[in-house]
Amino acid sequence: KEEHLRDDLKYYFMSPCEKYRARRHVPWKMGVQILKIIMVTSQLIIFGLNNQLVVSYKEENTMALKNLFLKDYKGVDEDDYSVAVYTKRDFYDSLFYVMNQYSQLDQLSVGPISYAEDENGKLLPLIMCKKYYKRGSVEPSEEAYNIDAQLETCMSHDPKTANLWRTENSSFFDLDFYLVDIKITFQLSGINLQTVRSRELPDCYAFFITFDNQCHSGKMKIFLDIEAQSSACRDWKISGTQKNTHYLLVFDGFVILMCLTSAVLCTRSIILAVRLLQRFSRFFHENFNRKVCEDDQREFLNGWYLLVIVSDLLAIIGSILKMEIQAKNLTNYDVCSIFLGTSTLLVWVGVIRYLGYFQKYNVLILTMKAAFPKVLRFCCCAGMIYLGYTFCGWIVLGPYHE
């Protein structure tokens, strides 16, 4: 019984190559991990290239809409705002310019962008909200003022009737020192057709654009913010090209199967390690009436297996999200990127375990294992100094830096 336990202990702490030489045990886990690295990395690259098209489409649309709706836009934002006006005439010109451009959008834009519609097929209106102070008294020369609380008034109109609406509500556009800001919000729809070149189905987008005027001591800043939300197109048909969606779905299915196999093998190894630890502890107690120390017990619990299992779970979730995105049931590219990117990082980190079996490559693992507690304590102390410097620098230098 003792010799049998000794052999099992010796075999457990062997490397995959030593196990193969000792008992001709094929290192399935190592083979699965190597194959999983290739598949997960390939999957990440394919998804990253498609996601790059989506991000570039949103960024280019932001620039296109700024050039369409902002008067005298130079193509470069000024600090945190797009453009600024300093006179009443420039303010009115910029404000009415947005309304005019919006009314004739279908005749101006070179891209596939149009007005958004509701579920009944009716065009969504343009909404304008004016925030201003109640009528009070302001005398700059006497350094006196009397202002009440803020009010907000919103109006909406059909996209095609901007000029008529502006004439009927001329008092709404009065500019005086009570004005805080005017926000113009409207929604557009566009289709990303560049994904057709990569034999992918295009997405449909809804742009929530806010034209924001804020008054600051004679300088009125004009902001244009875009919240692009992608959704699957309701009706589509592509001819002259063959979609590779089915091939990618099959590949993602193989990735999920490979990750499940890896998780099962690592879970099995953890269970066998716990059973071996129980045998070892029972043997010590029965023969020597001693308890195995905690350091020796930790040798049986392999943290690399837990790392691999976590990476497998993240890869499975990311692959499922990618399949849903590929099938146009979901459009959460950012969430899928987090899962796929984190899983790939952990998969590559997990390979260090196999390099650790070679003495010359084991330096990094031994250094990390010995230095991690001390480095962690150092970071806690250094973090206090850094946080103190951050708050001090923020209050002293922050107001003078954009």
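Note: Cβ is positioned from N, Cα and C throughout, glycine not excepted.
A TrEMBL annotation is a machine prediction, not a hand-curated record.
For 54-234, the entry in TrEMBL reads domain 'Mucolipin extracytosolic'.
Nonlocal intrachain contacts for the transmembrane segment (247-274), taken as residues 6+ away from its ends with a CB within less than 8 angstroms of a stretch CB, comprise 12, 28-29, 32-33, 35-36, 39-40, 42-43, 46, 300-302, 305-306, 308-309, 312-313, 315-316, 319-320, 322-323, 326-327. According to TrEMBL, the feature transmembrane segment maps to 247-274 (among others).
The annotation transmembrane segment is assigned in TrEMBL to 304-321 (among others). Outside the transmembrane segment (304-321), and at least 6 residues removed from its termini, the chain residues within Cβ reach (under 8 Å) are 33, 36, 40, 43, 252, 255-256, 259-260, 262-263, 266-267, 269-270, 330, 332, 335-336, 338-340, 342-344, 346-347, 349-350, 353.
Residues or ranges marked as transmembrane segment in TrEMBL: 333-355 (among others). Non-local neighbours of the transmembrane segment (333-355) in the same chain are 16, 30, 33-34, 36-37, 40-41, 43-44, 47-48, 51, 54, 230, 304, 307-308, 310-312, 314-315, 317-319, 321-322, 325, 361-362, 364-365; each lies 6+ residues outside the stretch with a CB under 8 Å from one of its CB atoms.
Here TrEMBL flags 375-397 (among others) as transmembrane segment.
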